[in-house]
Structure formats: C-alpha cells, structure tokens
C-alpha cells in the first residue's frame, strides 16, 4: 500500500523526480503548467501533503531542457543559457546524464545519441530503432555502471538494454509487460536491477543476468497500480523508495530491498 499520495495538481502529472541530495524532497510537474516541490513528512496530515514550493510554467528549474530538436543547457546558479545543441533530426523525447558533461538523448527519429559538452560539434549514435523511424520515448543511464543504458520504443511492451560499447545492438530485451511501457528507472544501489512501468498498470523490477536465459528474463518483483503508470523515479538519496505517477496522483512505494540475493517486495 502507498505511504503517501500527493494530490495538489489540477491536471494530469507528467513528470516526477527526487532531489539528488535529499531523501525527503520530490518535484512533480503537470499539464496544469505547475512544478511543485514536496517535502515528505514522517507522518502525513489528515488533509494530505501540501507542496513547499511552486513554479509556474516558464520558470527554469532544470539543468537541461529539450524543445523540438534542440537541447538547451542551463546554468542553474546563474540562471542563464550555457549552450544550445541541435540534437536530432526530429523531436527530442528524453535525456539522461552520464558522467560530468556527458548526456544522451532519444528522439522521434529513433536514435540514441551521446553528447560531450567538451566537443559540442560531434555526437555518437549508439542505437537506432529496428523499424525505421520508430520513435524512442524514454532513456535511463545506469549510474552504477555507465556502460549500460535502457530505452523504450513507442507502443512497445519491451525494455531495450544497451551497452554503449556494442553499438547498434541490444544486449537484452525485457518483454513481460502486457501493454506499452511508459517509464524506466535503474536501481541506484545496483548495476543489475531496473524498474519498468506501463499501460498495463504494472511496475516490474528486473535483475539482469550475465548469461541470457533461453525464454527471456522474468521480473523478480511486481506491483499493480490498477491504472496506467506514466512515470517513475528510484532516488539515490532514498533507495528503498520508488515514486510513480498515474492519473493525477504521485504514489510513493517502499521497496523491501535485498538486491544482492533473491530480491525483495514492493508494498
């Protein structure tokens, strides 16, 4: 069961992320044009939790913003644009940071591209959709092992695992969702575990094996939300919590971790 539900948005929530240096703060944004920052209390009040800060549309709080084919990198402290890059041939859908100054992006053109801010004129294409021009919607970079990424294709039930050393070829495909996958997040404490969520209302946690299984990989844990899950985050500052959003709510789940052995349970 969820330990908290954050319900102050006036329209659908479209993104959530945990603060990188806090175990109790989370930011959400929605179709109401608001970005809300929340502090999770030890005990929820009878009337729910109110956001501690609010930013209206147009207020820049992100380090990297993508509009159409262009990625804009902001200096958050100075509040100015640091640089702009034409990243793709079609609309950019998602980005992920790797090591300092390096990020990757996915696009409607069906490619995964890596950029290094030390050399803004060049990029590396590490993967392209098997079906020409099939968009790639989401991207997650494994912070415990930067050799690995995960991405998802539009209207696909697969999570595609990539090794940046093996270009143009997936090293694994996770195919146990019953409908399209919408969100992916690597475990912050393990290089071999990843969570995915989709239109089937399921959040699945997977363990990636060193040797491929003949019938594919089965998830090690599962949570059913009862509605389409559109976004999730697994924060490094509070690694036994997973946040997800569906409908107009953000739901925080506690993961009883034991990733080093046989896994755990989502409650």
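Here the Cβ of each residue, glycine as well, is placed from N, Cα and C on the backbone.
Feature annotation from TrEMBL assigns repeat 'WD' to 6-40, 85-125, 174-210.
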Q: Could you give the residue numbers and ranges of same-chain residues that sit at least 6 residues beyond the repeat 'WD' (85-125) on either side and whose C-beta is under 8 angstroms from one of its C-beta atoms?
A: 64, 66-71, 73, 131-141, 146, 149, 151, 153, 162, 164, 167
Q: For the repeat 'WD' (6-40), jot down how many residues DSSP puts in helix, in strand and in coil.
A: 0 helix, 19 strand, 16 coil
Q: Tally the residues of the repeat 'WD' (85-125) by DSSP class, grouping H, G and I as helix, E and B as strand, and everything else as coil.
A: 0 helix, 23 strand, 18 coil
Q.
If I take every residue in the repeat 'WD' (6-40) and average their pLDDT values, what number comes out?
A. 78
